[in-house]
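Here's the structure we're looking at; comments come further down.
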Ligand SMILES: Nc1nc2c(ncn2[C@@H]2O[C@H](COP(=O)(O)OP(=O)(O)OP(=O)(O)O)[C@@H](O)[C@H]2O)c(=O)[nH]1
């Protein structure tokens, strides 16, 4: 039997469960996850290699109505993945009904003429009757190549989803080495771990206002010394992130340090600094500098 390989863009509204799904399919954490919308900012490739097939999943930022330049860049990252893939996996939160956000995604999809698999997620929260109703509704929305109900969180029906995706991958050899699970650098992954811990511990505007960059990376014997900057766009946010007597930043540092240690299987010392770059989310050069706009800006 011949080998198949190709790109699958996992798209959807913020919080639909894109990153949870991708990590569950890969059985490895390649994308950070949180209950805050717009957790994912970059297109992240997660690579799953099987004996006769290689899936390259693109986890994309949630498509939303942008308020800032950063929001426009995030949407653009998602649209590019949709244009460049072999198959689109549109994931929706099954507990929510079809809304204007979905309408917007639909309009984009209609222009692309690609196979679209509708993934009805969070069925662990849906009584069977509601799930059937929802499936019927989605069938009327578009001529989907397939519709697959799943729970990304409970890893329910994921084998079926992989079998469905496979139908739409072209014949061809592996696109990446079989041992590779992500296309992002270690630096990117380490900064994302820190950002995830910030998202988990903070509320309101903070999660959307931060960027994390690596300032220095040094190895001494076995130990790794990392210095990172957390960028925020207002002085008041700096105060919140540092917290009372430094309690918040200490907690974030310890959470992140623990996960980085586990990931790298070696001793790690992490230092974090909070810097204010006023209104950075509206500055194209800063968005690029912080690694969020990987693409040429053509609109
Ligand atoms: N109950 C339930 N919760 C889920 C499921 N999948 C994801 N979630 C939760 O939904 C929230 C958002 O999940 P993410 O995977 O970060 O969503 P996302 O679509 O990547 O979000 P953005 O990066 O903001 O676009 C998290 O709190 C997840 O735990 C599921 O199958 N069932």
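Just so you know, glycine gets a Cβ as well, placed from its N, Cα and C.
The shown structure was predicted, so the numbers you read here are calculated from the model rather than taken from an experiment.
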Which range is region 'G3' per TrEMBL? Of 55-58, 59-62, 63-66, 67-70, it is 59-62
As TrEMBL has it, region 'G2' corresponds, among 38-42, 43-47, 48-52, 73-77, to residues 38-42
Which range is region 'G1' per TrEMBL? Of 4-11, 12-19, it is 12-19
Binding-site residues 60, 63, 123: those with Cβ under 6 Å from an atom of ligand 1 are none
Fewest C-beta neighbours within 10 angstroms among the binding-site residues 63, 123 belongs to 123
Given the region 'G2' (38-42), its same-chain partners at Cβ distance under 8 Å and 6+ residues beyond its ends are 14, 18-19, 31-32, 59-62, 64, 70-71, 74, 77, 184, 188, 196, 199, 207-208, 291-292, 294
Residues in the region 'G2' (38-42) per DSSP class, helix first, strand next, coil last, are 0 helix, 0 strand, 5 coil
Neighbour count check, CB within 10 A, over binding-site residues 15, 60; minimum at 15
